[in-house]
């Protein structure tokens, strides 16, 4: 591709290397320019200012002094690209030295492209002309070689095959083949990118009163009648720009560029091959119907006051996802990788976009600029909705208007809103996105097995079969179809791409990929395994109602084992339930009790050797001789319950009953509230309080009074569903309630 700048190699060939400026050379500013010097002073140049050229420091900056300034004033640096050099008319032309390629002093010409150079070449052949031709006002898009001088056409000799000539090679070829002294110009021309200088805007674009030429999405193209240039206006934002709007993703071939200029040469000048030339990149360059070669040149665009610099290749930008819905909801996470978590409700700004549900900690300002979230904030977490299951969470929370989201990795979230219409809108939006993702996955599975254009070897995560309900049972025909699809779209990238395509190693790796992807596609979700009884839920962190239903009792068996061990050898221990046990041993006991699995910190599953080991667990063995380990495991079991033993919905009523002045009325209301609790909660609470009454009977030895036991078990039994801002205020009345129940146990539990 030709370039519009002459590089130092071309300067050396043409004899135009860096040299001192001719005496009496003047500069005229083409455009206004302002910069800050090294000493911190600001230098401003206005259009039409004239300077006396002192020295051409480099190709970008020249040292000059203003004409009206005294000779003792300090010179300044001016941008060479913004200046035009002029000479004093009193200069006389110099003689031509035979055998050398020199020009006589004279006004310098600025050639912004190869076309302007070709237009200026005929003036060289006239020895008598001392004044150069005027600068062309407009560039031609295409110049035929009929208008070029014969001296320029001489270097191109006919031959069996032509070769591509760059803009740097063109003047060198012309000068190398010139025989004898040539009539020269009065001053060597200076080549710079005049096209880029002309494209630099001197003023902002005019208003939209100009005629509309074209509409592209929200951008309108108009023509400025004064300058003859096109400008663009965004009809939505009102933004005006001289530059055309950039697309976020370009599908054009990099070889075909905008703003190309063509130089046509006749068949007698260049003899191209029958099927076209081959460029440096290895792709054949097209020929026009007359057989002439087309040389393309991409014009670069400068933003003033930046100077010419190489621009990187355009990158493909991902299209921004459209925001489906956003709003303020109450959110809590109840499961992480299949492990139950304690509820922690809190407000969150939720954004539904693409295939993700993004959560922000803080709500946006009153008028957010976009639906993505608060400006300058980072998302707290996100949920991948591919294969997710959406349902109402009435059975998971006592709150109203709750949505339950379960994902493939085993993460579960609850979304709640005080307004039913708002939650219905979220339910419709989430269901629409999930169904669209399911249809997309099914369409991809039924599509042809060919690799998509432009995707390369990149694996799309949506190629996996993400199903949130039921095991994926594939027939033999489906296996064969899936295997053919997996061969063309491998799941894992093992070693390199070349080894996976060619040779026996690549075949083996493809076979491994196919097996792995078939295994993942057939792997049933966790919910289906639990429904079929293959995987049973844990003991710690399990719903009390489901645990009792599975065990066929109203009191969990692990709670019975712990209370029996404490009744046997712990009632006389000083500080029972007040002293903490060894946490490592407590976790070991918990691991043995859990029926399903233990989840490590990095998300891996550790399965016990045999499920259901709590049935054969002996807490009287020497391994559990420390009674504080047993009591610590009992308290941990109560804390890990997803719902506290006393339902959070009854907490305000318990607190109101406690505030009554009459004791009989207070006990009557508390008894009614206890009777309204579910059967597993009621029986478990009674079994626990009955055991604590036996502990109080030995308070002379263990020093555990009703007040001390209320401090230990109050925050656990009467835990609120949402954390309060003042924990001290909440920790007061639960202990009083437990103390009241222990003191009046016989009247509350007849």
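Glycine residues also receive a Cβ, built from the backbone N, Cα and C atoms like all the rest.
Taken from Swiss-Prot, the feature domain 'SH3' covers 22-88.
Here Swiss-Prot flags 120-187 (among others) as region 'Disordered'.
Feature annotation from Swiss-Prot assigns compositional bias 'Polar residues' to 163-180 (among others).
For 213-247, the entry in Swiss-Prot reads domain 'WW', with the evidence type sequence analysis. Residues in the domain 'WW' (213-247) partition by DSSP class (helix H, G, I; strand E, B; coil) as 0 helix, 16 strand, 19 coil.
The region 'Disordered' annotation in Swiss-Prot covers 242-319 (among others).
Residues annotated as compositional bias 'Polar residues' in Swiss-Prot: 251-270 (among others).
Among the features that Swiss-Prot reports, compositional bias 'Polar residues' is placed at 291-300 (among others).
Residues or ranges marked as domain 'PH' in Swiss-Prot: 322-435. Model confidence over the domain 'PH' (322-435) is summarised by a mean pLDDT of 83.
Taken from Swiss-Prot, the feature region 'Disordered' applies to 446-488 (among others).
As annotated by Swiss-Prot, domain 'Rho-GAP' applies to 542-749.
Within the same chain, residues at least 6 positions away in sequence whose Cβ sits under 8 Å from that of residue 578 (site 'Arginine finger') are 704, 708, 712. Positions annotated as site 'Arginine finger' by Swiss-Prot, on the basis of sequence analysis: 578.
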